[in-house]
Structure formats: C-alpha cells, structure tokens
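K.L.:
Pasting a structure here, questions to come.
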C-alpha cells in the first residue's frame, strides 16, 4: 500500500466516502479500547488493595496516572504524528498499551503497577486515540460533525462493556490473568491503525500568507514522510525553545484571550472532581454491601446511556440556535454533575445508585460533547491545535492529583462520603466560575461596543461571539490535532 494512497490531482478525493467509513469504524473501536478502558479500573480497586496491602490513596494513583498521561500526552503525540504519520502512531500506541497490561500481570508491588499500567498503557492509549482522531479529521470534511459524534459512541460502548467483561474475568481467573488478557485485547489498536492508511491528496484550500510550508507539513503528517534530517534542516536555525512552547503550548493565547483563560482555568479546576466518581463508585458500593457484580454494573449503566445521549447532545449543540451560548450549556452540565453527587450521599442502596448513574450519565454526556466544541468557540481555528496542548496538559495535572488526594481524605476519615462532597465542591464551583465569568465578559463586550471604543483585535481579549465552525466544508482540520474526550 503506497504512502500516497493512490490519489493524484485528477483522482476522486477520498474524503467523506468509501474507505473513510472504514476509518470511522476503526475510530469507534479505538475510542472504546482506549478512553473506555479506564472505566473498568474501579472493578479491580478492592482486589489490588488486598494484593498489595495499599491504602485508598496509594491504589488510586494507578488509574490517576493512566488517565493523566492519556490526557496530557497530547503534545508528545502531535510530534510523533507529524514525524511518522497517524498510522504509525496508532499502531505504536497499541503495542505500548498491550505491553503495559501484559507487564502489569507480573507486578509485585503497587509502584510497579504505576509504571506498567499507569505510564506505559496510558501513553499507548494516548497515542492510539489522539492519532486516530487526527486521521478521522482528514478523512471527513463535509460530514465531520457526524463522524465525530458517531466516533464518540465508542467511548460509551467501552464504558458499557469493559466493566462487565472485567467483573466476569476477575471472578473466573483473578486480576493477574485478566490483565494478561487485556493486553491481548488492547493489541487490536494495531489493527485499527492498519486500517487508517494515508491519504494521497488533501483538500485544496487557501493557506495564510507567510506560511508556504504548511501544505507540505500536512502531507508529511498524513504520509509519515518527514525524515529526521529534513526536520533538523528546517528547525535548527529558526526554532528556539520558546517557539516550540508557543507552538504546542499556547501561553500567548492564554495571556491575551480572556475567554480561553477563563475556560482553561475552569476546566482544570473542574477535573479535580470530575474523575472521582469513576474511580470510587464501585468501591463505595461494595463498601456499603452491594454485590461485586452489581457494583460493576453501575459503570455500565453510565456507559449505556451515554451511547444514545452523547451523540445527540453533540449534534443538537451544533445548531445555530446555540451559537455563542454553548459555554452556558457546558456550565449547566457541569453543575448537574456536581449536584447529582448528593444522591450518593443520601443513600447507598443499589436502586438509589442506579438513579444516580442515570442522572450523572446525562450530565456527563453534555460535558463530553461540549468540552472541545466550546474550546473551538473561544479560540481561532488556526491556533486551536496549540491552544489544546496547554489545555490538556493543565487538566491532566488535576486529573492526576485529584483521586489520590481524595483517597488520602478517605483513609484519614474512613468515610467514602467525602469522595462525593469533594467532587461536588469542585464541579459546582467550576460551573459557577465559568458561567458567571463569561456573563461578565459578554457584558463588558457589550459596554465596549456601545461606547464604540475601537480594538485592533478583539478576539485577543474576549471570547468570540461568533465561533468558527470547524465543520464547514471549506475548513480543513488543523495540521496537528490532539484531542481528548471524557
């Protein structure tokens, strides 16, 4: 199979047709294998505690490292994709994920598990998922909104199936053999990567002035034709550390764009509490007398509802009625997530926990569907890739430290209710901060407009009232995209 994909200038473009739908199917499977995988970790929480005689805080570092690396490895993944192409990155990620879980089955301490399942599997999942999303963005132009919405169902399928499979295998053969089997399952990411063959020609769209090499870089991204020697020749004389940071971690946007600044801080704060129910819900249910197989079913309920609600939410939020208002829908979804936690505090009966999972799943669907759409609203698309780099790195830090700190609180108090108190505090405060801050920014913008004070570049100081639609036919995907999902 040639690197060029067999498409010349006169050949039919492969976007939105033919093999693109096979790539979409591969993206669905990838998201289920990578993002969905972390949902099953809570099933092993109690067994790992007993095996390694570890505290709640020590055990929770394992899923925290995995999720944090999956989210925060975006800049590293983008460099890998630009160097070798999407297919190589996806397949390398599959190898790392499988190797990490196979190695985990032989671990003799919880610290070894941090390295194998946490770091290696997390990094492999990052490469596979984010490179897969990048390839999907190039295979779909006209139907990109639909393609991303359909691909996101893979996460929900993973949330539904992984916990059920985990509980069955754990009961039948123990956690070590289960992890060994998981390593083999995650190797299927390599099959998905093989399906994502390079595209020969890209949509012909005008490029900004002063960037004559942008098309060549895009072709290198897809085809993997970017030798190390060429990279050194291009960057040795004109690239500094500051320029690299600005390219992949957009500090200049953070300092100048108030909307991006508020949103990044709000989401980073939100992530301190967002992952807590996913890590502690199953241990909490088991602690309160719920049978293990029924406790694992709780996570599956969340995933099953997400299958239907998340794509619907994503498509509805793309309607022009919500243009400029998606941040408020997002804040409302975060607020509902925070308020739903009080259901667990009231009672730990299985029927009550099912109700909690239903409400939490609906709210999570809104958060997952809108998280990156809102980011596209507040940042110009030509800087979206670098803005996303800083965004994902910051949120990965709070994803890393949130569960262990809460686990330490549970160890001290011996009360699981503090998990949900803590989660509610971060989620509700983040929702209010983002909603009220954007209200203030809009009010300030209206006052400025009324007083007719000219600005050279208003988008540098406030969020955009008319967001760029990334799904327009004329808009190609960013040259390098690394996207996470919740």
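Using N, Cα and C of the backbone, Cβ positions are placed for all residues, glycine too.
The feature compositional bias 'Polar residues' is assigned by TrEMBL to 459-474. According to TrEMBL, the feature domain 'Major facilitator superfamily (MFS) profile' maps to 20-447. What TrEMBL lists as region 'Disordered' is 455-478. Annotated transmembrane segment per TrEMBL: 21-45, 61-81, 88-111, 117-139, 146-165, 177-199, 262-283, 295-315, 327-347, 353-375, 387-406, 418-441, in sequence order.
Map the listed features onto the structure and describe their local environment.
P.N.:
A Cβ distance under 8 Å defines the sequence-distant neighbours of the transmembrane segment (21-45), meaning residues of its chain 6+ beyond its ends; these are 59-60, 62-63, 66-67, 70, 90, 93, 97, 121, 125-126, 128-129, 132-133, 135-136, 139-140, 147, 150-159, 161-163, 165-167, 170, 175, 178, 182, 185-186, 188-189, 191-193, 195-196, 278-283, 292, 295-296, 299, 302-303, 484-485.
Note on the transmembrane segment (61-81): residues 34-35, 38, 41-42, 48, 88-89, 92, 110, 113-114, 117-119, 121-123, 125-127, 129-131, 134, 221, 248-249, 275, 279, 385, 388-389, 392-393, 395-397, 399-404, 480-484 of its chain, located 6 or more positions outside it, place their CB under 8 angstroms from a CB of the stretch.
A Cβ distance under 8 Å defines the sequence-distant neighbours of the transmembrane segment (146-165), meaning residues of its chain 6+ beyond its ends; these are 20, 24, 27-37, 39-40, 42-43, 133, 136, 139-140, 282, 296-297, 299-300, 302-307, 310-311, 314-315, 368-369, 485.
Beyond the ends of the transmembrane segment (177-199), by six or more residues, the same chain brings 1, 3-5, 7, 14-15, 19, 22-23, 25-27, 29-30, 33-34, 37, 44, 85-91, 93-95, 97-102, 104-105, 117, 121, 124-125, 128, 131-132, 135, 138-139, 166, 169-170, 222-224 to within a C-beta distance below 8 angstroms of the stretch.
A Cβ distance under 8 Å defines the sequence-distant neighbours of the transmembrane segment (262-283), meaning residues of its chain 6+ beyond its ends; these are 38-39, 41-43, 45-46, 56, 60, 63-64, 67, 163, 254, 295-296, 298-299, 327, 334, 337-338, 341, 344, 353, 357, 360, 367, 371, 374-375, 378, 390-391, 394-395, 397-399, 401-403, 406-407, 410, 416, 419-420, 422-427, 429-431, 433-434, 437-438, 441, 463, 486.
For the transmembrane segment (353-375), the list of distant contacts is 149, 152, 155, 260, 263, 267, 274, 277, 281, 285, 290, 298-299, 301-306, 309-314, 317-318, 326-327, 329-330, 332-334, 336-337, 340-341, 343-344, 384, 387-388, 391, 483, 485-486: same-chain residues at least six beyond its ends, Cβ to Cβ under 8 Å.
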K.L.:
Across the domain 'Major facilitator superfamily (MFS) profile' (20-447), what is the average pLDDT of the model, as a whole number?
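P.N.:
Result for the domain 'Major facilitator superfamily (MFS) profile' (20-447): average pLDDT 84.
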K.L.:
State the residues, same chain only, that lie 6 or more residues beyond the ends of the transmembrane segment (88-111) and have a CB under 8 A from a CB inside it; answer 'none' if no residue qualifies.
P.N.:
30, 33-34, 48, 52, 54, 58-59, 61-62, 77, 80-81, 117, 119-132, 135, 176-177, 179-180, 182-184, 186-194, 196, 224
K.L.:
Could you check if the transmembrane segment (387-406) is in contact with the transmembrane segment (418-441), meaning 3+ Cβ pairs under 8 Å among residue pairs at least 6 apart in sequence?
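P.N.:
These two stretches do touch.
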